[in-house]
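Participant: There's a structure below that I have some questions on.
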């Protein structure tokens, strides 16, 4: 697998997190078929990545193979390298198991597991220290949106997590904008018009300084092409639409055919 420190050539990032889904057999089968697909049809200008469960991490790593262009991530990691943190997995341990990306700050972790601005900052710093790519998830609630506070809220989330980083560090960070009201089984797909302002705001602050600005939230094969067409969007972070390989492959193909992949 490629070294995360050497990334950045891809024009579009297309990834999926499996959340708490898929056992070892299903994970292995998905990864093997994906490895075969990208070997036969490399998606030019596109960086694929998948984020399985911790228990399937090494299984997926082995199924993808050493030379796979597909990057592998974890859904969370602790900032300390080791210690009395029962139930946690450190960034260092995740890297040792094959991870190249660390998903940080997903809204479900903020809501259910007490993730804060401070812990996201610590995790981003730890990921960078160990040469992994932090995938920082930010997004506002429906209440924030209705109050007209979307841009302020997401910019504050990003600023808190990225505080103190140099431009060299920021160049190794991915930001995924995932409005809470648009994600999950009951999420409402955001319209292109609803997404223009948030991405304009993020691009003004971080667009040329980070590795990429991704969108996640009810992404599927019907809307992926339109979402990629939004100014400043340089990738998609997909949920259930990519949990079956044909859906993920279809979106990879859309991305590879998109003008942004050829820029």
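Cβ coordinates come from backbone N, Cα and C, glycine included.
Quick paste from Swiss-Prot:
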type	residues	note
ACT_SITE	106	active site, electrophile
ACT_SITE	178	active site, proton acceptor
Participant: Provide the three-state secondary structure of residue 178 (active site, proton acceptor) computed with DSSP.
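Facilitator: It is coil.
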Participant: Look up the residue listed as 'active site, electrophile' in the DSSP assignment and report helix, strand or coil.
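Facilitator: Coil, per DSSP.
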Participant: Express the distance between the Cα positions of residue 106 (active site, electrophile) and the residue listed as 'active site, proton acceptor' as a whole number of Å.
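Facilitator: About 8 Å separate the Cα atoms of these two residues.
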